[in-house]
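For reference, the structure is listed below as structure tokens.
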Amino acid sequence: MSPLLPTHWGASAPQNEPTLPSPSHSVSTRVGDEEKLRRSEGSDGEDRINLDSNKYDVKGMKETEDGGANKQVMVVFEQKSGKELEKPIEEGPFTQPRWRHSLPFVKPKHPPPPPPLSLDDAPVTPEVSANFFNLLFFNWISPMMALGSARPLQDADLWRMDAARGAKPLSEKLLASYAARTKKANEYNARLADPNTPLPFSRRILYSVLPHREQREKDYRKKHGKKHASLAMSLLDVFGWFFMSAGFIKVFGDTCQAVTPLVIRRLINWSANYQAAKSAGLDLPSRGPGIGAAIGLLLLLICSSLGMHHYFIRSMGTGVLSRAAIISAVYQQALQFTQKSRGQIPNGKLVNHISTDTSRIDFAAGFSHMLWTAPVQMIVIIIILIVQIGYSALPGIAFLLVMTPLQARFMKTLFMFRKKAATWTDKRAKLLQEILGGMRIVKYMAWEKPFLERIHAIRSMELKYIRLLLIFRSGMTAIAMSLPILAAILSFITYSLTSHSLEAAKIFTVITLFNLMRMPLMMWPMTLSSTADALNALGRLEAVFDAELVKEEKKVDPSMDVAIRLENASFTWDSAPIEEDNMMSKLTGKYAKVLNGGKPGGPPGKKEKKNKPKKVTAAEEIQAETAAGQPGAGEASAEGQGQKNPSAPGIDEEISEKKEVEIFQLRDINLNIPKGSLTAIVGAIGSGKSSLLQGLMGEMRRTTGSVTFSGSTSLCAQTPWIQNATVRENILFGQPWDEERYWAAIRDSSLEADLELLEDGDGTEIGEKGINLSGGQKQRVNIARAIYYNADIIALDDPLSALDAGVGKAIFFNAIINALSGKTRVLVTHALHLLPYVDNIIMMEDGKIGEVGTYRELKERNGAFAKLIKEFGNEELAEEKMETEEEAVESSGPTVTHDRANMMSKGSAHTLMQTEERNVGALKKGTFFDYLKAGKGVFMLPLLFFCIVVAQSFYVITSFWLVWWEETKWPQPNGFYMGIYAGLGVGLAIALFFQGFSNALINYFASVNIHHNAISRVMLAPQTFFDTTPLGRIMNRFSKDTDTIDNTLSDAMRMAISTLANIVGSVILLAIIEPYFLIAMAVVSLLYLHNAMFYRRSSREFKRIDSILRSSLYSHFSESLSGVATIRSYGETARFFEDNIHRVDIENRAYYLTIVNQRWLGLRLDFLGSLLSFSVAIIVVCSSSVSASNGGLGLSTIVSVQQAFSWLVRQIAEVENDMVGAERIMHYANELEQESPHQIEGTKPPASWPSEGTIEFKDVRMRYRPELPDVLKGLTLNVGASEKIGVVGRTGAGKSSIMVALFRMSELSHGFIKIDGVDVSKVGLNDLRSGISIIPQDPLLFSGTLRSNIDPFNTKTDAELYDTLRRSHLIGSSDSSHNSDSQNRFNLDTVIEEEGGNLSVGERSLVSLARALVRNTKVLVLDEATASVDLETDAKIQETIRQEFRDRTLLCIAHRLKTILAYDRILVMSDGQVAEFDTPENLFLSGGIFTEMCSKANISLADIKAAAALRF
């Protein structure tokens, strides 16, 4: 081994320890004047550091090779000139922080060293090489804590886990164990199903005496007797000995603790004998035995503490590693999900599994051994009690035993509440995942507030069970705290009634024993609760482990004479059942009303009363989870979807008949695709073109036959999957850098002009889902990736449809024909005019191959293909013309020569995705105040304080009452003392309940208000927030952080407050007994405070780093799962799995150190607490003024609370750590930037606004973010009522920015926009966006039904909605409702999957058109709405626009000149300004840019005049 850091840092790493890839990390620190670096030329010619030279920046540290096997740690300095220098760390002006430097009078001479340059350079944890002493006392983490005390820790500072505890080997073991257990269970179930296999002996005996034996045996074989693999047992297989040994260590610690009362008895007996001898004037006994007993007490307490903390490090360590193994295994499983599994377990649920469920398993692992050690500890204490006071202890013990079933009943109820709460948590997470992922369309449609109401409704149901959980936990805690006192009361009363006299030694030994029961009694219910939560979570996770996976890898045969061979292959899409949840029916009152979306648009007529608009129930709205669909197969959407359709006015009754779900299938596919050929797949909508491609790629279930490839594959999907990474990283996609191949791919995919426009060229960061790229740019990046990947076989799923026709033509010839020549290309396309250039054509008909051949062969056959060509012959010519038109539009400027330097990263761009906010140091000022304010602290804190004072008063008086009873302070009978003692105990129990209840209410109100405010502000945040913040980060706030404030923070605060109250009460009691105790308390308190402050500086940074790394993990998890089809088609599953493993391991560095430094602190604070107990024992031995009774009371009190001192510090730290999560979500709740008001009452426009549709832009300037340049630069134009305006211009000219400005997605920096004379900046955003409509370029749908997507808040009748479906061509225009419904795949209850995954792009565009028809506004914007659809869909959309929007004002941002020639005026944009604006005729005659466009597109004045005759 060679040290990566100096030995005094305590870190060394084996040379063969593998390093993990990670992003670069650097931190700069300015060195002071005394550490200036000097460089001078040495005699040996080597450069030396010169301390007299200019200042340098310390960039970080790295490990370098020094002559072979030896390694050396170098500090990297950067000179002002940019030159980097390296220097061994031993020679640097740094002082490695140590514990002593945290003392106020010991300061290091130099600053601490900087962090390593990257995560790769972090050393392996020194735990693996630490000696026994350092492991025993956790000294190995001290250097890290000292560094954290000296400066804020960075992620690169944190040690790597050793390879054996990496996520990869652990997840592999877990999956292997679960698979083995599943196999064993299946074998047992198979044997059990055989009637010849005898049932287990116990069942045979039981059923022989019960009626209906045969039926019982049958049920047992089919259902009750079946076994199922257990994930909990699989985890035990992986962590068996390490985890189980923790329990035995705890038993050792508990045994030491249970013996302490016997030592206390010896001390009290010695004190009583000493006092008696002193009173009688006899020789005083030697103090030696007393001091010896005090030392014995100290040693027992230290051993007990060591046992407890080493128990926790093993059990909690198991939790950390279990979480890592489960997350990695879940990710690996999810990457292999079949379509059916993805439908049953959507991404939102998976994110909830890895955030909430794994956290509950992790938490439970730390305490689960208490399920059996607590009863063992109780039994040992009970035996000692019986030995001490005989059978008088039995009533108290019996009371405890009677109360145990009550606790178990409470736990069962808690388990039920937790399960119900988790169900609603899943629903909330799923809804949030979809809404936040589609916020752009939500804002365009002004749906923020209605969706907010849905979220609040679900949250209210979730909080209903959380509230009950908090109340029950308060009750259980009060019972657990009170049980020892009430049991002691019963035992003492019995002891007194049986004619025994109370003796100090017996009293306080028994009290100490009963007090020792408090912790197991208090922890056991919590352990039961957490175990119940964990078992529930494990049960939910088992669905992931049991999910159906893609069973086989692609079959590759390089020797095959063809590229792809399909033999008798049939494929089918899976149908995922709609999730049913009876709990949804329990939404009543306002929640049901909210989820129903309010009242319908208008009351039905008298004849329509029986046919009222269907009110969408909560179950239908929220439960519309993935169902009966075929993601990825646009044409193959489910027909009917099996939903019952309500009858409606004007709709034939037969529409409402329930229809069977029709699953799309490809049948009997036999196909050979030659190597190096270009094969096109064509066919009508719904024929199975994309399905065939998905079947080839393994995304569609193959039911029969075989598919064989001759080489590697890649997929260019119709909807491109773009990662949150740079343009270059998206194109490379994990492949090695090859400069020439890379720039060739850029050129062939027509990305050169785009890279020059981007601020940082190919180093520009792309947001999630390619948010800052246009649809065409995303598709070109997608194509460039396929070209660069250099696979043998490339599947292209209609990639040209998203491109301008001119660009599409260029890419077809430059990329598909030329650059990929020699590769096997399979192209799905609707561009019929390109077919003469392909080698082979496959004609799909109704899920079968209709014809195969060359273009000429198929035309000559006069079959289906010839019919298709004949039917769309004119449109084929039109398509070629469109290409010329669009090429003219895009090339309407000077010819540009592309400079590679302009396309490369310059390293100076603004980062799109904002770095996650991280406060350094203590919690942000006001965090606790804001939390308490949210928790209604003004009212609740006084109530809580009052309950604490009352409870502690009862505690102190109850403790002293025993002393007074033993001393017979008042001449009263025993009944007097017994009655008051019992009353005090009951009063204490009641006070403790109200104390816990008050605390629970504060946490409940805080949870309600923080989440409400946070999601409200997020929903009303500007669009730039969603463009620059990863969805995974936002979801982390509303999953893990919300779970923290709902549950973890509540428990931590309750424990901290109750512990603090107990300590205060105990200190008051001890001060009354012996005031000198306060001196020892003051000294120890200073040491407590110093250790706590030393701990907190590193603890909070561990937590914050962990939170940030966890968000990164969740973001990667969500992002990669959304692109699983692309990942699998490229064969990159292993790389993404390794990336996820790396992220889990990186996060575990911070998380594991958080656990260890808690143990470091706990052990030291327990030692200080043991010293306090020792000091009380010495006071009892050495002080003559302390009576035996008071000494016994003091000893029993300090022993029972000595661990409470360390527990308090840990709980306060835990509260602070958990408050980090609250701080993060409160940042959203209080500080998140907001859009302009959505409602402005004083300037609310009339309900009919806009009624005319006039639009005026005056000197409009706009930028997307403050740090970016203007994209609109003084735009001025006027649009008349019902005028149709076509907008054209090159990419980046500002076309779409007009729409952004009109909808106020970004606010203007200058000028104004008026609609019907109303300045849009003066009206609320909701009024503005509700008054105008949009058909966006990328139509986004939400999971649910077709009804919920076009009329999500139930404002229209069924008749109106069916009429809309006809007008938007989603169903036929036949007069017969029955025919139109039965002959089309759509009805109002057709299930729509997440993001409309089971519809084609064209079908999604038609749904978007239907939305616009339902909204029926005076102003409509089409943002390149037909750019990504086929000719047939384009024709339908244009026909609907012409017929339905005659009297509407229309702004059409167009690619194709043909689509806007019939418009009233044409707006030509250039560089954010109006270049030309007039009628098509006048612009053509003006000889400007538009004339040039028309000339290049071969459009004549006659064409324009002909189009003018067709104007709206």
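Note: Cβ is positioned from N, Cα and C throughout, glycine not excepted.
Marked as region 'Disordered' by Swiss-Prot: 1-68, 594-656. What Swiss-Prot lists as compositional bias 'Polar residues' is 13-29. The compositional bias 'Basic and acidic residues' annotation in Swiss-Prot covers 31-65. The feature transmembrane segment is assigned by Swiss-Prot to 229-249, 288-308, 363-385, 475-495, 507-527, 937-957, 974-994, 1067-1087, 1167-1187. The compositional bias 'Low complexity' feature in Swiss-Prot is assigned to 619-643. If you look up Swiss-Prot, you'll see 683-690, 1289-1296 marked as ATP binding site, on the strength of sequence analysis. Summarising the annotation, Swiss-Prot assigns domain 'ABC transmembrane type-1 2' to 943-1217. Per Swiss-Prot, domain 'ABC transporter 2' is recorded for 1255-1496, and the stated evidence type is sequence analysis.
Pairs of Cβ atoms less than 8 Å apart link the transmembrane segment (937-957) most often to 974-994, out of 288-308, 363-385, 974-994.
Between the binding-site residues K689, K1295, the minimum number of other C-beta atoms within 10 Å of a residue's C-beta occurs at K1295.
Within the same chain, residues 267-268, 270-271, 275, 278, 287, 290-291, 293-295, 297-298, 301-302, 305, 504, 1070, 1073-1074, 1076-1077, 1080-1081, 1084, 1087-1088, 1091, 1194-1195, 1198-1199, 1202-1206 sit at least 6 positions outside the transmembrane segment (1167-1187) and bring their C-beta atoms closer than 8 Å to a C-beta of that stretch. Of all the binding-site residues listed here (I685, A1293), it is I685 whose C-beta has the fewest other C-beta atoms within 10 angstroms. Classification of G683 (ATP binding site) by DSSP places it within a strand. Within the chain carrying the transmembrane segment (288-308), a Cβ under 8 angstroms from the stretch's Cβ atoms is held by residues 136, 249-250, 252-254, 256-257, 259-260, 263-264, 266-267, 270-271, 274, 1162-1163, 1166-1167, 1169-1171, 1173-1174, 1177-1178, 1180-1181, 1199, 1202-1203, all 6 or more beyond its ends.
No contact links the transmembrane segment (507-527) to the transmembrane segment (229-249), because fewer than 3 Cβ pairs that are 6 or more residues apart lie under 8 A. For the transmembrane segment (1067-1087), same-chain residues at least 6 beyond its ends with a Cβ under 8 Å from one of its own Cβ atoms are 952, 956, 959-960, 1168-1169, 1171-1172, 1175-1176, 1179, 1183, 1185-1186, 1190-1191, 1193-1194, 1197-1198. Of all the binding-site residues listed (G683, S687), S687 has the fewest other CB atoms within 10 A of its CB.
There are 28 other Cβ atoms within 10 Å of the Cβ belonging to G1289 (ATP binding site).
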